[in-house]
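Enquirer: Got a structure here, written out as structure tokens. Questions coming.
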Amino acid sequence: MFLTILNYNRGYRVMLSQALCKTSRSYTTLQLFYLMKKKGFVHSVCSYTALIYGFCREGMQDNVFQWLDFMQNNGCKPNVITYMIIVKFLFDNGKFKEAMNFVSKMERERCNPDLLTYNVILRELFHRDRLDDISELIQVMDQKGLSPDSYSYAALCGGLLKIGKVGDACELLLDIFSNGAADVAVYNIYFQCLCQENKSREALSQLKRKMKVGFKPNNVSYNTMLSGFCKEKKY
DNA sequence: TTAGGGTTAG
């Protein structure tokens, strides 16, 4: 089977990056990786990144950093995606300082953080209630000409909600809706805000109204409503 | 070919 895959360079890479790393099979991926190397394939930043991503998802921290070193020793420079994956992994594991050190490292190596990386940092800063740093970060993003997208809004509004500033979150959300840059995740945060203020019925009627103009709720939207109604003991 | 946000319950 492997040999068949080896005959199709592109097919192999897709298999390596998509099929294996995303389904918690990093060990199998690793075997394939070595087999490919043995057969003379030169791995790209994408294959190394896919492998590192797999290790992050499985919480295999030692492997993450070993492979980061390994790729660099093999003359392959990590790119913004590689770094962002590692930064998020460190945040998710409570290693804030280490993550921020990686952000500085990115900048030093002229691998400038992009909107996705800033969104990850923004979310983490909110979770840590570091409002001064958030304001500074938003200024930096603005200076770099990075316009916020729906992920940025989710980080901002979700963060405000998480630290108990429901009113501010609602205000910001209504402002976002008037500019039309929201998607289902951002709307779900809005429904959550309403439910938190014991306005589950209003959340439901807004959901229905939105559906009439093409809005497609998902399981999170419905779960948010259900949770709101249960908390209010309406049913 | 690689990446980021939102729900609950257990």
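From the backbone N, Cα and C atoms, a Cβ is placed for every residue, glycine too.
TrEMBL feature annotations, pasted as is:
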type: REPEAT; residues: A:44-78; note: repeat 'PPR'
type: REPEAT; residues: A:79-113; note: repeat 'PPR'
type: REPEAT; residues: A:114-148; note: repeat 'PPR'
type: REPEAT; residues: A:183-217; note: repeat 'PPR'
Enquirer: Six or more residues beyond either end and a Cβ under 8 Å away: which residues meet both conditions relative to the repeat 'PPR' (A:79-113)?
Expert: 45, 48-49, 52-53, 56, 59, 61, 64, 68, 71, 120-121, 123-124, 128, 144
Enquirer: Note the mean pLDDT of the repeat 'PPR' (A:183-217), expressed as a whole number.
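Expert: Value for the repeat 'PPR' (A:183-217), mean pLDDT as a whole number: 95.
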